[in-house]
Amino acid sequence: MATATATATATVADAGAIYETFGGCVIGSPGGIDMHRVILHSDMNAFYASVEQAERPELRGVPLVVGGHEETRHGIVLAKSAQAKAAGVKTGEALWEARAKCPGLVVVPPRYDVYQRYSALARRIYYQYTDLVEPFGLDECWIDLTGALALSTRAPLDVAREISQRMKDELGCTVSVGVSWNKVFAKFGSDLRKPDAVTAITPENYQQLVWKAPVGELLYVGRATRAKLHSSGVDTVGDLACASPELLRRRLGKVGLVLRAFARGEDATPVKPFDPTRNEVDRTVKSFGNGLTCPHDIVCAADAKALIYLLAESVAQRLREARFRASTVSIGVRDAHDLTSYGRQTTLPRATNTTGQIARMAWELLSANEPLDEEHPLRGLHVRASNLEPMDAPQQLDLGFDARRRVLEDLDETIDDLRRRFGNTCIQRGVELMDESLLDLDVKRDNVVHPVGYF
Ligand SMILES: [Mg+2]
């Protein structure tokens, strides 16, 4: 297999070659696609709410939401049970709105440690079939059964149904499972029918099932991409699959070609096994980022600063674990009024991976751009570090700078070590303690970071 580096373009150099695009996605040319792979995408339905109902029998069958702290008037719905969904309750709406729609609604606060435990229990079931299990967020995984089934007479759908049944019996949670020869279609299958369903996307039915769907339902086609495609007359996945490569390249750049290949079932990206030492982030990533939709609107500088430090800390910790430094720090800001977002970034003369430096840069960006008061509430924040270089890359010597950095790096190393031994919440910076609702939130662990920045 000929693979290129992360800087490869999506140009098809020679027919039959399989090449890697940026971000670790692999596209095969039509002749080079292995349609015999068996890839499952398993998605736990209404995850937080299902876990609460599994843990507390008295909550089963009742309309339930997991939501922000009840005493704050800004609390929002983070997750809803099937019964609450039936009453029209939506994720992200205010708790008072949800209550108005659904009298008798039960609201429970999130318990991220419990969701983390269920996430691990689910993976433990998947691991009994293969070690090729790739988490995608807390409640979703891709599972590559190709090798496991090559030695067996079992049909892929039988195994998918067995996994689904075991999740119900052993965890008390339903899943929707998609089965296909590639990750993008497997994910599509698990989204197509839910809850508690197994859907196969096959070479025989994909044009019927996938191509008829709106293009936005394809993984990685976000709102901005969808709008650009729409203005070019591309509205369904089938339109995208059959669009001219020149048109897509002109409208979207190389991403357009990658998405077209995905629509055609030419995604050859491998399922990357979970590796805790890599912290679920592939080494070909171009950036590390972490963001959070807040449990309540942020209307003061102290809360915003606490969140920025929390996010920056997890980003810096990941950089250090993957042995990178970054010289660009960016923030993403989501407005609570109209839910629009924007980004700002800044570049340092020298790459860094210390929490203090990354947090300070992110905080300076935010405080320079936002008044942070009651009139300008924020709903979400994101911190990202990019322009990566390996930690062992040579840096120009500067004695004063290096001595200062040595102190900061030593401090971070000590904190990392404590956290490795006692858990991520064992030690927190003073600034984080300003917002009590963030105390039990463990950002690095609860928000699995997806490699970001390519689509
Ligand atoms: Mg889910």
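Cβ from N, Cα, C; glycine included.
Since the structure is predicted, the reported quantities are computational estimates derived from the model, not experimental observations.
These features come from TrEMBL:
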type	residues	note
ACT_SITE	Glu140	active site
BINDING	Asp43, Asp139	Mg(2+) binding site
DOMAIN	39-222	domain 'UmuC'
SITE	Tyr48	site 'Substrate discrimination'
Item to check | Whole-number Å value for how far Asp43 (Mg(2+) binding site) lies from Glu140 (active site) (Cα to Cα) | outcome: 4
Checklist entry - Reported as an integer number of Å, what is the Cα distance between Tyr48 (site 'Substrate discrimination') and Asp139 (Mg(2+) binding site)? => result 9
Item to check | CB contacts for Asp139 (Mg(2+) binding site) [other CB atoms within 10 A, all chains] | outcome: 23
Checklist outcome for this item: The correct three-state DSSP answer for the residue listed as 'active site' is strand
Item to check | Residue among the recorded positions Asp43, Tyr48, Glu140 whose Cβ has the most other Cβ atoms within 10 Å | outcome: Tyr48
Next on the checklist: Could you tell me the mean pLDDT the prediction assigns to the domain 'UmuC' (39-222)?
Outcome noted: 91
Checklist entry - Any idea what DSSP makes of Asp43 (Mg(2+) binding site), helix, strand or coil? => result strand
